Structures are given as structure tokens and as C-alpha cells.
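Features as listed in Swiss-Prot:
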TOPO_DOM  1-14  topological domain 'Mitochondrial intermembrane'
TRANSMEM  15-45  transmembrane segment
TOPO_DOM  46-59  topological domain 'Mitochondrial matrix'
TRANSMEM  60-87  transmembrane segment
TOPO_DOM  88-227  topological domain 'Mitochondrial intermembrane'
BINDING   His161, Cys196, Cys200, Met207  Cu cation A1 binding site
BINDING   Cys196, Glu198, Cys200, His204  Cu cation A2 binding site
BINDING   Glu198  Mg(2+) binding site
Amino acid sequence: MAYPFQLGLQDASSPIMEELMNFHDHTLMIVFLISSLVLYIITLMLTTKLTHTSTMDAQEVETIWTILPAVILILIALPSLRILYMMDEINNPALTVKTMGHQWYWSYEYTDYEDLCFDSYMIPTNDLKPGELRLLEVDNRVVLPMELPIRMLISSEDVLHSWAVPSLGLKTDAIPGRLNQATISSNRPGLFYGQCSEICGSNHSFMPIVLEMVPLKNFEDWSLSMI
């Protein structure tokens, strides 16, 4: 999860987030090299008199500055497209969970189980226990099995919402009348926090998401206790 004065991304806890972090580093390195080159050229222009201020035509230079940006864009686009296809791919999900956004809480339904559904509200600050996080804790956590592909079906009952869990590399819009889907897979057990990421009204900041990833045996025990 995030912490005060954090400069980087949250620790990756899913294969998709690991790919996104690698792509971020790849793109940042390209941006750094371009920025360094531009700064170097500007420095040369300001510190040396060996510049052609009256050049009217330079076919070689124009060819280079046309081809080079095209190559750079391709180097950025190819890994980006690969990750986009990975994020849309859903192969044999072990579990399907439907979540609906409301003003201002989330409701969840485990469609593979009968009558396994609940609402998830933020716990008010006055009701927090020692060690719990302000504006991030909920009364009902979403318990899911780790290391398994899980399909999330996401929609809304009223206005636009967005279901986002940064450490899992997930952000999907919840749109009234439309059913979006996403894949979740966690590499490790733990608690993963997120929030509504689409301004949805006066209590937009009070729609946290808490996923509890547990081993499959623990998930089966939990689901039996909830039915």
C-alpha cells in the first residue's frame, strides 16, 4: 500500500502490475535519454559558436529527425500493446465476482455461490480499532483466493465510479448500464487497498476497497461460513 511521501509506485503484487512497472521503467529510460540529448544540444548552442544559424536546407538532418522519433514511438508502443492484450485476456477464471458501485459504497456478489453477497461500507474514523487505516478500512472485506485467475464484473447502480486497486495493476470504470470485466491474480497473500477513482459526488473520497487474498483452503472455509 502507499505510505506518506512515497515517490515510486506501490509494490507489485500481480503479474500485470509487474509488467506495468517494467513498462514504466522502460518508458522512463527513453524519456530520460531524450531529455538528456535535448539538454546537451541546447547547452552546445549556448556555449559554442560552431552553429549554422543561417542553414536553409538540410535533408540529412530532416531525415534523421523524422525516422528517429518514429523508431522511438515503436519501441514504446510494442510493449504497451502487449500489456493491453494481457489485461484484456481472461482464460478459465477460477471465480467470478460481480461488484456494483453505489453512492457511496460497493456491493459484491460471488456468482459461483448461492446467496453469497454483501455491501462494503467505509468504517467511520470514530469506530476504527488501533492499527486500522483511516478512510481505507471497510466493514466487509472482499476475500479472494491467491494465485488463481479471478474475473471481476464491474458496473454501477447510479453514477460513474471506478474500481481501482493500484498494487494489483487494476482500474476499471463502473458505468451504469454497462458491464465491464477485469482479471485479478495475486502472487502473495495479504491486504490490498484501493479506492473509487472517478469523482462520483460529495462522498467520493469515502468509497474504499479492501481485498484480502488468502490461500485456497482459507477461502473455502470463509465462503462456507458466509453461506
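Glycine is no exception: its Cβ is also placed from the backbone N, Cα and C atoms.
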Go through Cys196, Cys200, Met207, the listed binding-site residues, and name the one with the sparsest Cβ surroundings, counting other Cβ atoms within 10 Å. Cys200
Extra residues within 8 Å (Cβ to Cβ centroid of Cys196, Glu198, Cys200, His204), Cu cation A2: Gly101, Trp104, Val159, Leu160, His161, Ser162, Ser197, Ile199, Gly201, Met207
Taking the recorded Cu cation A1 site as His161, Cys196, Cys200, Met207, identify the other residues of that chain whose CB atom sits within 8 Å of the mean position of the site's CB atoms, giving them in sequence order. Gly101, Gln103, Trp104, Trp106, Ser162, Ala174, Gln195, Ser197, Glu198, Gly201, His204
Using a 10 Å cut-off, grab the number of neighbouring Cβ atoms around the Cβ of Glu198 (Cu cation A2 binding site), all chains included. 18
How would DSSP class Cys196 (Cu cation A1 binding site) in three states? strand
Distal contacts, the topological domain 'Mitochondrial intermembrane' (1-14) - CB-CB under 8 A, six or more residues away: 20-21, 24, 133, 136, 166-170, 184-188, 190-193, 213
Across the topological domain 'Mitochondrial matrix' (46-59) the predicted model averages a pLDDT of 74
Reduce the DSSP letter at Met207 (Cu cation A1 binding site) to three states and note it down. coil
